Amino acid sequence: MPALLDKLLRAGEGKILRKLKAIAEQVNSIEDEFAKLSDGELRGLTDEFRARYADGESLDDLLPEAFAAVREAAKRTLGQRHFDVQIMGGAALHFGNIAEMKTGEGKTLVSTLPAYLNALAGRGVHVVTVNDYLARRDAEWMGRIHRFLGLEVGVISPQMGPAERKKAYAADITYGTNNEFGFDYLRDNMAWSVDEIVQRGHFYAIVDEVDSILIDEARTPLIISGPVDMNQKWYTDFAKLAERLQRGENGEGDYEVDEKKRTISITERGVQRVEDWLGIDNLYEPTNTPLVGYLHNALRAKELYKRDRDYVVIDGEVLIVDEFTGRILYGRRYNEGMHQAIEAKEGVPIKQENQTLATITLQNYFRLYEKLAGMTGTAMTEANEFHQIYKLGVVPIPTNRPMIRIDQPDVVFKTEKAKFAAVVEDIAQRHAKGQPVLVGTTSVEKSELLSGMLLRRGIPHAVLNAKYHEKEAAIVAQAGRKGAVTVATNMAGRGTDIMLGGNPEFLARQELAERGLSPVDTPEEYEAAWPEVLEKWKKAVAAEHDEVVQLGGLYVLGTERHDSRRIDNQLRGRSGRQGDPGESRFYLSLEDDLMRLFNGPMVQRIMETLNYPEDVPLESKMVTRAIRSAQTQVEQQNFEIRKNVLKYDEVLNKQRAVIYAERRRVLHGDDLHEQVGHMIDDVIRDYVRAATEEGYAEDWDLEQLWTALRSLYPVGLTIDQVVAECGGDRSGLTAEFLIERLTEDAHRAYAEREAALGTLPDGQPVIRELERRVVLAVLDRKWREHLYEMDYLQEGIQLRSYGQRDPLVEYQREGYTMFQTMLDGIKEESVRLLFSVDVQVTPVAEAPVAATAAADGAGTAAEGTAGVAVPQPAGASGPALQPVPAATAPGQQPVPAAAALSPGAGMRLADSPVAKLLAPPRPTRLQYTAPTIDGAAGSGEATAMTVDERRPSGAAARGPSPASASRQRAGAGEQARPLMYAGTPRSAKCPCGSGKPYKRCHGDPRNAG
């Protein structure tokens, strides 16, 4: 079926390309006309286009003229003219497609065309890049075109506060990374005032390196989490225990490792050893569940997470490495205890665990946009997935000049040692004649191994990996110069062209930056100096370019095949840009991960049969086909996992949409009085039905019902009064009558409550403001608890398959039930708090507004004379509510909030446990975790920013999620403490002197410590 769909998708390519070519011809036909316009006239076209759009013309109608204007502006600002194929690519993006354009074809310049056109609608365009460097670079570089045409350009960076972010999103075109856009969406839906909301909608997005972002990063979600209590000693203890346990196969040893699935299974022997070490009878008792999580994480840290491949240790800190790009992911941590397990393994300080507060997958975030488009050099291999999940077509755009790169067959050696020896020899020969060489490795460890071998041969080279990524743009820009040898961990997403002889544009920008000139800070001086500096560097590299062409162009040498064909193609694609010559080859060994895990035995049998020496390579198309088959298997497996993730996340996505829409309504100051009235009706109805659903009327426990109702509101009716109204006999009561009378009584009490609270000096009823505060606080807390419960449900749902039940159907059914329960809980708690919180109108001293630091959630709430201010939602005029003291209710996870204090009189909540429930969450440093490229196409699991437990595919050995771990800790009391007297036999008396057996005293994790 996928093959048939691929054929159908390709069948329409010719028709689409003919349409795009016709558009390019339209743009060409008016090019001379636009060239005659003055700068002012060209800039004035933007206002004209906007007016025509407002008068009813569509963006499609404006496309040829808008594209012609951008092409002319690019010539005048950058000295670059959009080729016809770039016009075609821009049109493909405007129509909501993915444009596949080979490396060096100018994708960045292409994006300016649809970005400008869609910005004319006035609703904002988001240009999404894979890293902050590219976002800043493109906002400055391509932003020159847009600013010349009168548009505002913004850029989002992690260091920005809310005000700066809001300004950036208000611009016509906003550049940023996928993670920043996604986190801003989540933060906006955690805001306590409209002023904190920074995004203004999701109209149109252009995603650069779209395959990396929408495919590779799609399996793991963006997560904002907050710290929870944990016992660090367990991580250290289990790290030591993991070192003692022995790996085995076929039931031997203490545990087994499946490297393909990246799972670990504990054997019976291993379980017995762990139980003996811990001094417990049954490791899998419910009270010991957290211990199982610690054990699994410790073993995964030992076997599956390798230093200098998956992470590096710098200055006593474990830093994650992006497998595909080789970059260090600063500030990112594995979730669910995995990062702490690695820290314990490495013997560095262990940092706190986190609990999920808000989450969304990139799949669902980008589906929020009304129109989505993307660019990449490698999309056709995933065309089926783009179509099925995102409804995006893939349009392969022709190259401006024919591709003449020579892709040599793979060569395979028996050992890694022999492979690297051959690699160094090949590099030495190419370097000796002056041909530039780009070497791709799959890990920091391998790049440094190769670097050491090159140093011993006396070959000068540059290393581009996670440890030196600050220099990466400069290194890549020079990788095409004569005699250059560049060793790169991976080339995916580098974003800088490798031009033969050197990159004149990069060198020109670098020189202007050294002079202190910037297109943003000093635009006039920058624009004046640019043409001369660019021309100087073009001349400087022209002669060297011709010389390198004669030497054969850039030689790309891959030292290992990746799980994904796209990553291999991205590495190869660095050579042969814009019709330049080039060559590529991959060197492999039977010890490489892909060969070892998939087709290694077959290839080894061939080599042994042919009696191949260790240092003689096997160069065969059959081997190449076997490797391609292995890669296809991995890609299909990962596609199925991503589809499965989407099915599960769709359940939470619908719930998220309901909650976030309601939250926005509250924040924007809608009158909640009618809604609160419905809440009262629903809660009273639920209380009565629960008390009357069984037995006859005379058997109903009305006393218990009245006791429950008194905890909800001040009941004015007595049981005798209600019975008297029914003729004096309880048998005459009906549930409907009780609901009617008690609802009337509750509304009477609420009206009295409103009158008693009175009004603020501006005339607004106090109860209206209180309603907003209460509903917002309760909704946030209940939603966080629901996320935590849904996470726990998803973690164990795969076990339902053993009972012949579809786990997805079960998850949908139970998730819906839990969501309805949460909504009922929001109503009940809101009503209870509205009746019970003690509010007083008191003078409040003027205090400054304190805003949350959006980047890290580390803002500080402002304090007035009456305590810490409750953030004031929009639409709420007048003074602020103030709880005293500002404390977080037990079990309530703090989230960042801005404090909006108004001078003059205000409302103050009397000191009580109820008031604490309405206290604004204390600003705290939050953890932002996000997927990286190895989330899908790489390891076959979502290892980058959140651990496997978040995906529903099930595994043999996985630790608890943040939510479940927190709940298990809460349920098990103090079990998670290091065992005292750990060497004591389990049946012996405990050394503490209690007289109890050790296993029932300090040998029990619940009593340990």
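Glycine too: its Cβ is placed from the backbone N, Cα and C atoms.
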Listed co-binder of ATP (same site as Q86, G104, E105, G106, K107, T108, source Swiss-Prot) among D426, D497, D521:
D497
Based on Cβ atoms within 10 Å, give me the single least packed residue among the binding-site residues E105, D497.
D497
Name them in sequence order: residues not among Q86, G104, E105, G106, K107, T108, D497 whose Cβ is within 8 Å of the mean position of the Cβ atoms defining the ATP site.
M101, T103, L109, V110
Counting Cβ atoms within 10 Å of each candidate's own Cβ, which of the binding-site residues Q86, T108 comes out highest?
Q86
Taking the residues the record says bind ATP (Q86, G104, E105, G106, K107, T108, D497), how far apart in Å are the two Cα atoms that sit farthest from each other?
16
By the DSSP assignment reduced to helix, strand and coil, which category contains T108 (ATP binding site)?
helix
For D497 (ATP binding site), which of the three DSSP-derived states applies: helix, strand, or coil?
coil
My understanding is the cutoff is Cβ-Cβ under 8 Å with a sequence separation of 6 or more in the same chain; which residues meet that for K107 (ATP binding site)?
G89, A99, M101, D208, M375, T376, G377
Among the binding-site residues G104, G106, point out the residue whose Cβ has the most other Cβ atoms within 10 Å, with all shown protein chains included in the count.
G104
